[in-house]
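According to Swiss-Prot:
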BINDING   G10, A11, G12, K13, G14, T15, R127, G172  ATP binding site
REGION    30-59  region 'NMP'
BINDING   T31, R36, E57, Y58, V59, G85, Y86, P87, R88, Q92, R133, R144  AMP binding site
REGION    126-136  region 'LID'
Amino acid sequence: MRLIIMGPPGAGKGTQAKYIAEHFKIPAISTGDIFRANVTEGTPLGVEAKRYMDAGEYVPDEVTNRMVRNRIDEPDAVGGFLLDGYPRTVAQVEELDGMIRFTGHRLDAVVCLTVDQDEIVGRLLQRAQVEGRADDTEDVIRRRQDLYLEQTAPLIEIYKQRDLVHEVDGIGEVDEVTARIFQALDVIPES
């Protein structure tokens, strides 16, 4: 199964990705985690990505595409994967289409979490305090929200035209949202 989870920063994608990936026995691949790992390791891609992340901007497509391609080529992703935070641009949609087509497979579904903007800002500010994430200041959060609406939200329309989008209300307890996702995907969660 090849899935994408979309929604604005703070919508709960990472949390839900863990449950979806566990159910389908596929890796949850988060571009945020890939970026942070490269930054921590001080790789050339990580140094470049850090400049953009610190400014609350998205990392350029060519850097992101290389990181994602390398990750989905790893053995644990051969049978499928769940992407969190990719694609974010039309060019990345086209790049991902090519990556998946090259393997002889297709994208199965896009889960789109919908969450109120004020709820998101509150979630991210709380997460910044708990996790000590320096990239989650209020100004950076609002900038990412603006970038999401401007650049990423239109991708949902592309996937809607392909009849792949399953919109799910992301407000509520984690298990409630997970149940909605499985219902949208017509999957009965295992206990």
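One-based numbering along the chain as shown.
Here the Cβ of each residue, glycine as well, is placed from N, Cα and C on the backbone.
Feature annotations (Swiss-Prot) mapped to structure.
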residue	record	DSSP class
G10	ATP binding site	coil
T31	AMP binding site	helix
E57	AMP binding site	coil
Y86	AMP binding site	coil
G172	ATP binding site	coil
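Listed by sequence, the residues of this chain that lie at least six past the ends of the region 'NMP' (30-59) yet keep a Cβ under 8 A from its Cβ atoms are 13-14, 17, 66-68, 71, 83-86, 88-89, 134-135, 139-141, 143-144, 147, 151.
Annotation: no binding-site residues among T31, E57, V59, Y86, R88, R133 have CA atoms within 10 angstroms of the CA of K13 (ATP binding site). Look at R127 (ATP binding site): DSSP puts it in a helix. Take G10, A11, G12, K13, G14, T15, R127, G172, the residues named in the record as contacts for ATP: the widest Cα to Cα gap among them comes to 16 Å. Less than 8 angstroms from the CB of G10 (ATP binding site) sit V115, E119, I120, V121, R123, L124, R127, I141, each of them six or more residues away in the same chain.
G14 (ATP binding site) and V59 (AMP binding site) have their C-alpha atoms 18 Å apart, to the nearest angstrom. Among T31, R36, E57, Y58, V59, G85, Y86, P87, R88, Q92, R133, R144, the residues given in the record as binding AMP, the maximal Cα to Cα distance rounds to 26 Å.
R133 (AMP binding site) falls within neither a helix nor a strand when secondary structure is assigned with DSSP, and so counts as coil. When the CA atoms are compared, no binding-site residues among the candidates A11, G12, T15, G172 lie within 10 A of R133 (AMP binding site).
Residue pair R88 (AMP binding site) / A11 (ATP binding site) shows a Cα separation of 15 Å. Taking the Cβ of Y86 (AMP binding site) as reference, residues of its chain lying under 8 Å away and at least six apart in sequence are, in sequence order, I4, I29, T31, T64, V68, Q92, L96. Within the model, the region 'LID' (126-136) carries an average pLDDT of 78. For the binding-site residues listed here (T15, T31), the lowest count of other CB atoms within 10 A around the CB belongs to T15.
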